[in-house]
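Input: a single structure, listed below in structure tokens.
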Amino acid sequence: MPPPSDDESLWASAPWTATQPLNNAQRPIIPGLQKHVPYVPGSTTLQTLTIYIPGTQPPPLPTPSPTPSDSTWILFIHGGAWRDPLVDASAFHPAATSLLLKNNNHNGNPIAGLVSINYRLSSHPNHPSSNPAHAAHHPDHIHDVLGAISFLQRARVATGRYVLAGHSCGATLAFQAVMDPTRWGLSGEMQIRKPQVVVGLNGLYDLAGFIKTPPVGYEGLREAYEEFTRGAFGDGEETWRAVCPATAREWVGEWVGEWEGERRKAVLVQSGEDGLVPRGQLEGMRGVLEREGVDVVEMEAGGGHDEMWERGEGRMAEVLWEVVLGTE
Ligand SMILES: N[C@@H](CC(=O)c1ccccc1NC=O)C(=O)O
């Protein structure tokens, strides 16, 4: 027998286990399976992803089975300002269990599967660490996200229409992922099939603009923004503009895919009660996307910055469910 390929060994290195709702033993087990998979050989602790599939039967090993064309994958990128070691792929778990439950109770099971992506983080001044996974600098974060998507697509996950969603800096990363990867110094092998729908939740889209002129009410955050921006992207203001989707030059034409003539869609969500991200971030992003011919839908949300993902019944699961039903 030939030795397994790197990818096969990575998929085989984690078992499928039954999904459980968090902190609520009274509820039934959600009919789904999850697996924590490293997506590069010799991965650091953060080059892993969590994959959830509906149902109780694992797909054929080592990789998930091909997706029926009428069901949708959702890929999620967590936030935490590129550096918060307390926020990781598990941020998606409450929404994932809620989505699996909705899927189970709905005719036709529109969700093919869900993925939450970990990526290397920059260092955090309040959390000193010797873990190499916590010493990343741009473009490491987006390299990892694209590496994860490419690993999935080699296993025929999210190769058709799929939804790429991100919260906060995860929304920045989601839009960076639809740009040409050569912007990040990557060769053609990191070309991914692009999502038809990008969902940005309380997203960061213009760091230079915030730092230069923080909006009224958010002035007190200027230093924090500058600190995490320098930590992730270095000291060059030009770089900040070049990497942020509301200020990067002419990138929307790079968002192309094979959706048979259908239009690109962006769903933007910004809570009016978010004490960390002002509404102006969404407005700048919306302007750029609409000028370039992307269909933009804005959906409502309330609550603090992280509230939409902290609970299963939170707004994020509802938004993603609506988006999935809209892609059918
Ligand atoms: N908890 C984060 C702060 C953070 O996540 C944040 C702060 C302001 C605006 C956006 C943020 N997160 C975006 O991913 C930190 O420790 O730096």
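Glycine residues also receive a Cβ, built from the backbone N, Cα and C atoms like all the rest.
Unlike curated entries, TrEMBL annotations are predicted automatically.
Feature list (source: TrEMBL):
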ACT_SITE  Ser168  active site, nucleophile
ACT_SITE  Asp274  active site
ACT_SITE  His305  active site
DOMAIN    74-314  domain 'AB hydrolase-1'
MOTIF     78-82  motif 'HGGXW'
Summarise the model confidence on the domain 'AB hydrolase-1' (74-314) as a single mean pLDDT, whole number. 96
Under an 8 Å Cβ to Cβ limit, what residues of the same chain, 6 or more beyond the ends of the motif 'HGGXW' (78-82), are close to it? 88-89, 91-92, 116-118, 121-122, 136, 141, 166-171, 202, 224, 228, 231-232, 306, 309
Within 10 A of the CB of His305 (active site), the number of other CB atoms across every chain shown is 18
Close in space, distant in sequence - the residue listed as 'active site, nucleophile', Cβ under 8 Å, 6 or more apart: Gly79, Gly80, Ala81, Leu201, Asn202, Gly203, Leu204, Leu276, Val277, His305
Might you list, by sequence position, any residue in that chain lying six or more from Asp274 (active site) with a Cβ less than 8 Å away from its Cβ? Asn202, Gly303, Gly304, His305
With DSSP as the yardstick, break the motif 'HGGXW' (78-82) down into helix, strand and coil residue counts. 0 helix, 0 strand, 5 coil
Tell me the coarse DSSP state (helix, strand, coil) of Ser168 (active site, nucleophile). coil
